[in-house]
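Accompanying notes for the structure given below.
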Amino acid sequence: MNREYIVNAIKEENVEFIRLEFTDLLGDTKNVEVPVSEIDAVLEKKVMFDSSSIVGFTSIEASDMNLHPDLETFNIVPPALEGGESVARFICDIYTPEGEPFKGDPRSILKRALKEASDLGYDVKLGPEPEFFLFQKDERGYHTNELNDRAGYFDTSPFDRGETCRRNIAKTLQKFGFVMEASHKEVANGQHEINWRFDSGLNTADKIQTFKYVVRNIAANYNMHATFMPKPLSGQNGSGMHINISLFKDNKNAFFDENKEDKLSETARYFISGVLKHAKALTAITNPTINSYKRLVPGYEAPVSVAWSHSNRSCMIRIPATRGQGTRFEVRSPDPTANPYLAIAALIYAGLYGIKEQYELGPVETRNLFEVESDDVPTLPTNLKEAIEFLKKDNVISDALGKYAFQKFIEEKEDEWLDYNLQVTEWERKKYMSR
Ligand code: GLN
Ligand code: MG
Ligand code: MG
Ligand code: MG
């Protein structure tokens with residue numbers, strides 16, 4: 001997409017405002033908006049912002065940052081998302097005033113990981129599957145704890161009350177260039193899933209951010225609150241964000257090998273063992289909230305074991321039966337609170353490390369680990385603190401994020417853990433008041 005195309009599109013669509021979006025360290029999309037009269041400054045990468053209060057960004061002394069819009073991410077925002085207004089958006093990279101990519105910019109961190117892969121000749125393809133819940137709102141427009149329906153897996157309307165909302169989300173995503181695949185009611189009441197076609201590493205992270213923005217705003221138009229919280233209700237399935245990964249070399253799927261019995265290449269086996277070997281530290285990045293760990297428990301289709309299998313949902317990694325160009329593996333542990341840029345960067349680093357070190361893949365797991373207790377199968381961390389402790393010791397994931405972001409991330413998450421531990425909950429009062 002070039003400058004001329006963008007300037008024309010802005011004129012034709014009578015765009016009045018331009019949103020410049022980026023992602024903070026914890027994965028939230030942020031934006032500054034400028035009037036269209038500023039388009040030259042935008043395209044010349046001259047728009048600055050004060051980053052001092054953004055999580056993971058810089059201290060007061062060096063807080064001015066530059067926004068470099070990625071022209072490929074230019075999009076006219078469907079007016080339904082912005083109260084009928086005429087708005088366009090860019091996703092931006094963040095640069096220091098000295099013209100260096102900012103070390104705390106998750107998008108730059110992902111770009112570096114993708115460069116590592118391409119230096120080895122690999123093109124990373126990813127297909128994420130984010131799930132979410134729809135809750136009712138109160139009269140002031142804030143979420144309640146009431147779901148919007150009581151429907152289950154693949155149910156239809158009128159029991160599924162999110163159907164037209166979901167359809168509208170899919171239609172809106174098409175306007176952002178998503179190639180839509182299936183969409184359906186998920187297992188838990190009020191829970192949904194919408195899938196799109198796999199894409200490159202950078203596009204996938206950008207799309208996850210756009211997806212959340214679209215889901216939240218369309219749901220709001222239906223007077224519902226969409227949440228990506230991993231486990232909003234105890235005793236019900238939580239929301240995951242499975243990530244399907246494959247590597248391509250010279251346009252061929254590098255995970256496929258005709259001559260192997262299971263048709264999986266050495267590259268696939270090394271990459272998967274890299275991810276398994278770093279699984280515990282990775283979990284801090286792919287499951288970064290207190291609540292994330294309430295999803296990773298036995299019995300709710302979320303994984304609990306650092307193991308791989310073909311069909312077993314208790315394992316962190318599953319290899320679907322598809323072979324040829326569709327050969328891939330699915331990481332089942334991530335949830336939608338992960339910062340997609342960091343999560344993908346960390347997964348790539350772990351996998352590439354497996355290739356470089358030629359890690360051997362352990363045997364396939366055939367037992368249902370929700371039911372069988374086994375000492376020889378390592379488990380995923382059971383809380384954020386445990387995950388952070390593994391993260392601190394992992395040099396590969398530290399390299400993936402770079403020292404600056406790695407330290408900031410750990411600091412943020414340790415604060416979150418401390419804050420949580422200071423809370424006295426309703427559960428405790430119920431349990432202990434009479435003791
Ligand atoms: N909701 C499940 C999870 O937490 C996944 C269910 C599914 O997609 N099969 O990961
Ligand atoms: Mg799915
Ligand atoms: Mg699902
Ligand atoms: Mg899946």
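A Cβ is built for glycine as well, from the same backbone N, Cα and C atoms used for every other residue.
Keep in mind it's a predicted model, so treat the numbers as computed, not measured.
Residues or ranges marked as domain 'GS beta-grasp' by TrEMBL: 13-99. Across the range of the domain 'GS beta-grasp' (13-99), the DSSP-based residue counts are 15 helix, 40 strand, 32 coil.
Sequence annotations record features per position, and here TrEMBL assigns domain 'GS catalytic' to 106-435.
The Cβ of Glu193 (Mg(2+) binding site) has 20 neighbouring Cβ atoms from other residues within 10 Å, across all protein chains displayed. Here TrEMBL flags Glu129, Glu131, Glu186, Glu193, His242, Glu330 as Mg(2+) binding site.
In this structure, Arg313 (ATP binding site) belongs to neither helix nor strand by DSSP; it is coil. Under the heading ATP binding site, TrEMBL lists Glu181, Arg313.
Taken from TrEMBL, the feature L-glutamate binding site covers Asn237, Gly238, Arg295, Glu301, Arg313, Arg332. Long-range Cβ proximity for Asn237 (L-glutamate binding site), meaning a same-chain Cβ under 8 A and a gap of 6 or more residues, is found for Glu186, Val187, Ala188, Gln191, Tyr300, Glu301, Ala302.
Glu129, His242 are the binding-site residues among Glu129, Glu186, Glu193, His242, Arg295 whose C-beta comes within less than 6 Å of an atom of ligand 4, given in sequence order. When the binding-site residues Glu131, Glu181, Glu193, Gly238, Arg295 are checked against ligand 3, Glu131, Glu193 have a Cβ within less than 6 Å of one of its atoms. The binding-site residues near ligand 1, defined by a Cβ under 6 Å from one of its atoms, are Asn237, Glu301, chosen from Glu181, Asn237, Glu301, Glu330. Spatial neighbours are here defined as Cα atoms within 10 angstroms of one another, and by that definition the neighbours of Arg332 (L-glutamate binding site) among the binding-site residues Glu131, Glu181, Glu193, His242, Arg313 are His242, Arg313. The shortest Cα-Cα distance between Gly238 (L-glutamate binding site) and any of the binding-site residues Glu131, Glu181, Glu193 is the one to Glu131. Sequence-distant neighbours of Glu129 (Mg(2+) binding site) (same chain, six or more apart, CB under 8 Å from its CB) are Glu193, Asn195, Gly240, Met241, His242, Ile243, Asn244, listed in sequence order. Within 10 Å of the Cβ of His242 (Mg(2+) binding site) there are 20 other Cβ atoms, across all protein chains.
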